[in-house]
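Enquirer: The structure follows.
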Amino acid sequence: MAQLKFNSILVVCTGNICRSPIGERLLRKRLPGVKVKSAGVHGLVKHPADATAADVAANHGVSLEGHAGRKLTAEMARNYDLILAMESEHIAQVTAIAPEVRGKTMLFGQWLEQKEIPDPYRKSQDAFEHVYGMLERASQEWAKRLSR
C-alpha cells in the first residue's frame with residue numbers, strides 16, 4: 001500500500017457547523033490512520049452540527065454526532081500538514097490568522113476544477129444535498145491523491 005504524504009488534515013469553513021464537519025467525517029472514512037479535524041474561521045465554539053447538515057449526512061450514512069464547533073487559531077493551523085478550505089475567502093482568512101501556513105492551504109474542491117463549496121447555511125434541504133454531493137466527490141478525489 002502506498003504511503004500517505006500527510007498525517008493530519010484540517011478542514012475549514014465559516015462556522016464549523018455545516019460544510020467542514022461533513023468534509024471532516026468523509027475524509028476520516030476515506031483516509032484511515034490520518035488525523036482529520038475541522039474548524040471555522042468564525043467558528044461557533046461548542047455548537048453541534050447544523051440539524052439539516054446532520055440529517056443530510058445521516059441519509060448518506062455519515063454521522064455528525066458528537067461534533068462540537070471550533071474556532072480556528074494560528075496554533076491549530078500550524079499543527080496540521082494540510083488545510084482544506086471551502087472558499088477562497090477562507091484561504092485568505094486562514095492566511096491572515098497564520099501567514100506561515102499559506103503554502104499548505106488549498107481548496108477542498110481543488111480537484112473539482114478548483115470549485116468553491118458554497119455555504120448551505122439557512123438554505124433548503126436541496127442546497128445541503130448539493131453541497132453534500134460536492135463534498136463527497138471532493139473527498140474521493142483527495143483520498144485518491146493522498147493515498148498514492
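Cβ atoms are placed via backbone N, Cα and C, with glycine included.
In case it's useful when we look at the structure, here is the feature table from Swiss-Prot:
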- Cys13: active site, nucleophile (ACT_SITE)
- Arg19: active site (ACT_SITE)
- Asp119: active site, proton donor (ACT_SITE)
Enquirer: Helix, strand or coil at the residue listed as 'active site, nucleophile', per DSSP?
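Expert: Its secondary structure by DSSP: strand.
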Enquirer: Once near-sequence residues are set aside, which residues in the chain of Cys13 (active site, nucleophile), 6 or more away, have Cβ atoms under 8 Å from its Cβ?
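Expert: For Cys13 (active site, nucleophile), the qualifying residues are Arg19, Ser20, Gly23, Ser38, Gly40, Val41, Ala85, Met86, Glu87, His90, Ile117, Asp119.
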Enquirer: State the three-class DSSP label for Arg19 (active site), counting H, G and I as helix, E and B as strand, and everything else as coil.
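Expert: DSSP call for Arg19 (active site): helix.
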Enquirer: Taking the Cβ of the residue listed as 'active site, proton donor' as the centre, how many other Cβ atoms fall within a 10 Å radius?
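Expert: I count 16 other Cβ atoms within 10 Å of it.
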